[in-house]
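Take a look at the structure set out below.
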Amino acid sequence: MNITTSVMKKNIEDKLIHKNTKPTSMRILVYDFLSSQEAALSLSEIENHFEHADRTTIYRTLKTFEEKGIVHSIQENTTTRYKLCHDGCNENTHKDWHLHFYCKICKQTTCREDISFREPVQTDFRIDEIRLFAKGICESCLSLQ
Ligand SMILES: [Zn+2]
Ligand SMILES: [Zn+2]
Ligand SMILES: [Zn+2]
């Protein structure tokens, strides 16, 4: 392992520990892969990247990540996609109250954090989840038209 890889691995370990998650090697690999991705990925897309890992292990890793505030999931018709959260999310609450945008041409779903809800004001009802989802054509596909 070279120095860059070991520094990177240490960073990921720190992030996982910070979110109360034991940094197993599978978790480090999945985190590293997700952090290199611009778009949100489905279980099958993540699975395709890890040819030798078993589907259940990857699924469990994602579920743990979701519970611990490491990834948030985006429900798109029948597909669930996953994207890394920011430091503000933890095992008690997710704060990914931003727009998720699906491009009809490149079929990528991205987080658009410039369009978001503020922290909800005090209400008599309890909000557990907020979804903001849009479909359209992304900047790079638009520029090709
Ligand atoms: Zn989150
Ligand atoms: Zn596009
Ligand atoms: Zn998001």
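Just so it is clear, glycine is given a Cβ too, placed from its N, Cα and C backbone atoms.
Predicted automatically and left uncurated, TrEMBL annotations should be read as such.
Pulled from TrEMBL, these are the features on record:
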BINDING   C103, C106, C138, C141  Zn(2+) binding site
Is C103 (Zn(2+) binding site) helix, strand or coil when read with DSSP? strand
Number of other Cβ atoms within 10 Å of the Cβ of C138 (Zn(2+) binding site) across all protein chains: 18
Got a sec? Which of these binding-site residues, C103, C106, C141, has the most Cβ atoms within 10 Å? C103
Where C138 (Zn(2+) binding site) sits in the secondary structure, as DSSP reduces it to three classes: coil
Using the CB centroid of C103, C106, C138, C141 as the Zn(2+) site centre, which other residues of the same chain sit with their CB within 8 A? K104, I105, K107, Q108, I137, E139, S140, L142
